[in-house]
Amino acid sequence: MGLPQVLLSTLAFTAFELPPNGAIGTKILQFLFNSRPDLVNIRSIDEAIVIGAALSLSSSAFVLQLLAEKGELPTRFGSATLGILLLQDIAVVPLLVILPVLESQNIVEQSVWPILLAESLKALGGLGILSLGGKYLMRRVFEFVAESRSSEAFVALCLLTVAGTSLITQQLGFSDTLGAFLAGAILAETNFRTQIEADIRPFRGLLLGLFFVTTGTSIDMQLLIREWPNVLSLLGGLIAIKTLIITAIGPRVGLTLQESVRIGLLLSQGGEFGFVVFSLANRLGVLPLELNKLLIIVVVLSMALTPLLNEVGRRVAGIIDESAEEKEKPAEMRNYGATEPIVIVGFGEMGQILAKFLSAPLSFGLDQDAEGWPYVAFDLNPAVVKSARKSGFPVLYGDGSRPAVLQSAGITFPKAIMVMYTGKEKTIEAVNRLRQAFAAVPIYARAQDLSHLLDLKKSGATDVVLENAETSLQLGSILLRGLGVMSDDVSFLSTLVRNSMEVQAQEALKDIGNKEVDIMKPLQSIRLSGRQWEQFENDSQGAVTKFK
C-alpha cells in the first residue's frame with residue numbers, strides 16, 4: 001500500500017499546484033476567500049513536486065505511539081499502517097537527494113535532468129559504499145565495545161556513528177539529515193539493535209520533544225491569524241485527499257472498507273519528515289518563504305488533530321457495516337507469537353537447552369503441526385548471540401531484564417520469563433526489575449543455594465529451581481529407579497525432600513539472619529514423621545496396585 005499511496009498523493013498535491021504562476025489551488029482560494037494570487041503559488045514544476053511529496057508523508061511518531069497505546073500494532077490494521085509509514089520513511093531519501101539538485105538548478109538556470117542523473121549516480125555510489133562499509137565495519141566495532149559491557153561506551157558509539165555518517169554525507173554534497181537516516185539504517189542492521197534502541201530511548205524522547213518545540217515556535221502566528229481561511233482550506237484539503245486515496249487503495253490489497261477508512265484518517269496528517277523537507281527547502285531557497293511558513297502551519301495543525309482523526313476513523317468504521325465487521329474480527333486478534341512469547345534472559349548452555357525444549361512440537365501439546373512455544377532469548381555476550389543466531393535461535397543482543405529492551409523488541413506482555421543468569425546479585429536484580437514491570441507474568445529463575453533461592457522468592461520469582469540440589473535429586477531418582485523403586489514413590493520422595501529443604505532453609509535464615517546457609521545441613525536433618533511414613537506407604541501401595 002505504501003508505494004501507491006506516496007505516488008498518488010504526490011501526484012494529487014502536485015496537480016493542485018500546477019500550472020506554475022497560475023495554479024488550480026490558487027484560483028480556488030481566490031474564488032472562495034479572495035486570497036492573494038501569490039500566496040499559494042509556485043515558480044516551477046520542481047517546486048510543486050517537492051511540496052506534493054512532502055505532504056504525502058505522515059507522522060510516524062504520532063501514529064505509532066497511538067497504535068502502541070491501543071495495542072493495535074499486531075493487528076492487520078496496524079500492520080498495514082506500519083507498512084505505509086515504513087515506505088514513507090524510505091521515500092524521504094530521494095527527496096533529500098533531489099533538494100540540493102533543485103537549488104543548483106535555480107542558480108545555474110539549466111535543465112535539472114543532467115544534474116539529477118549525476119547526483120543520483122553519486123548518491124548510489126557514495127551512499128552504497130558507505131552503507132556496505134558501515135554495515136561490516138560497525139558490526140566489528142560494536143562487538144568490540146560490547147565486550148566491555150559499558151553502556152556509556154555503547155551510547156557514545158551510537159552517537160559517534162550518527163555524527164560521523166552525517167559529516168561524511170555532508171562532504172559528499174548531501175544533507176546531514178540523510179546521513180543521520182543512513183546511520184539509523186546501519187545500526188538497525190547489527191545484532192545489537194534492540195539494546196541500541198533501549199539505550200537511546202531517553203535521547204529519542206528528549207530530541208523528538210525538542211524537535212516539535214522548535215517546530216511549533218517556528219509558526220508565524222501573524223500569518224496564521226491573517227490567512228486563517230486559507231489555512232483551514234488547505235488543512236481540510238490535505239486530510240480529505242489523503243483519506244480518499246488510502247481508502248480507495250485498501251480494498252484492492254485485501255483490506256476491508258472499515259480498515260481502509262481507519263487507516264486513511266489515521267494517516268491523513270502531515271509528518272515530521274515534512275518539516276525536515278520544508279526546512280531544508282527553506283535553507284536552500286527552493287520554496288518562497290511565505291509559502292514555506294504556510295505549509296509548516298498546515299502540517300503542524302494536522303499533526304495536532306491526529307488523536308481526533310483516529311477516534312473519528314474508529315467511529316466511522318464502526319457504523320459502516322456491522323455484519324462485515326463481525327466477519328473480520330478474527331483478523332483483529334493479537335498475534336500471540338509476536339507480542340506474547342516466552343522470554344529467556346541469558347542464553348548460556350542451560351538457556352539453549354531450555355530453548356530446544358520449548359521448540360519441540362510436543363511441548364505445545366499433542367498437535368503434530370505445532371512448532372512449540374514461541375520464545376525470544378536475550379544475552380549480553382556478543383559471541384553467544386552471534387553463534388546462537390547462526391544456529392537458528394531467535395536471540396537478540398541486550399539486557400532482557402530491562403523492560404525498555406523488551407519493549408524495543410516488540411514484546412508488550414510476555415507469556416512467561418525465564419531468568420537464566422548465573423550471578424546471584426545479577427539474578428536477584430533481574431527478577432526484582434521484571435516483577436515491578438510485569439506484575440502478573442510468571443517469572444522463573446535458577447538459584448545457586450538455599451539463601452539465593454529465598455532471596456529470589458522475596459524479589460518476586462514465581463518459582464525457583466535450586467540447580468545443585470536438583471542435580472542431586474535427579475541422580476538419586478535414577479539410582480532408586482535402578483534399584484527397583486516405583487516411579488511414583490521416587491517422585492513423592494523427591495517432592496518431600498525438596499519441600500523440606502525450603503522449609504528448613506526459611507527457619508535457618510530466621511535464626512542466623514543474612515549468614516550463608518550450608519546446603520547440606522537441611523539435607524542431613526530431613527526425617528520422615530510417622531504420618532509422612534504412613535502417607536508414603538499408602539501412596540506406594542496404591543502405585544503398586546495401579547501398576548498391577
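Don't overthink the numbers, they just go from 1 along the chain as shown.
Heads up, the Cβ atoms here are built off N, Cα and C, so glycines get one too.
Here is what TrEMBL says about this protein:
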type	residues	note
DOMAIN	339-466	domain 'RCK N-terminal'
TRANSMEM	49-68	transmembrane segment
TRANSMEM	80-99	transmembrane segment
TRANSMEM	111-132	transmembrane segment
TRANSMEM	231-251	transmembrane segment
TRANSMEM	263-281	transmembrane segment
TRANSMEM	293-310	transmembrane segment
Problem set entry | Distant-in-sequence neighbours of the transmembrane segment (231-251), which means Cβ under 8 A and at least six residues beyond its ends | 1, 4-5, 8-9, 12-13, 16, 25, 28-29, 32-33, 40, 55-56, 58, 80, 84, 224, 257, 259-261, 263-265, 267-270, 294, 297-298, 301-302, 305, 309
Seminar exercise, completed: For the domain 'RCK N-terminal' (339-466), the averaged pLDDT of the predicted model is 84
Exercise. Which residue counts does DSSP yield for the domain 'RCK N-terminal' (339-466) in the helix, strand and coil classes, in that order?
Worked result: 55 helix, 25 strand, 48 coil
For this session: Grab the same-chain neighbours of the transmembrane segment (49-68) for me: Cβ-Cβ under 8 Å, and only residues 6 or more beyond its ends, written as numbers and ranges.
Result: 5-6, 9-14, 16-17, 42, 78, 81-82, 84-85, 88-89, 91-92, 95, 98-99, 102, 208, 238, 242, 266-274, 277-278, 281, 286-287, 295, 299, 303, 306-307, 310, 412
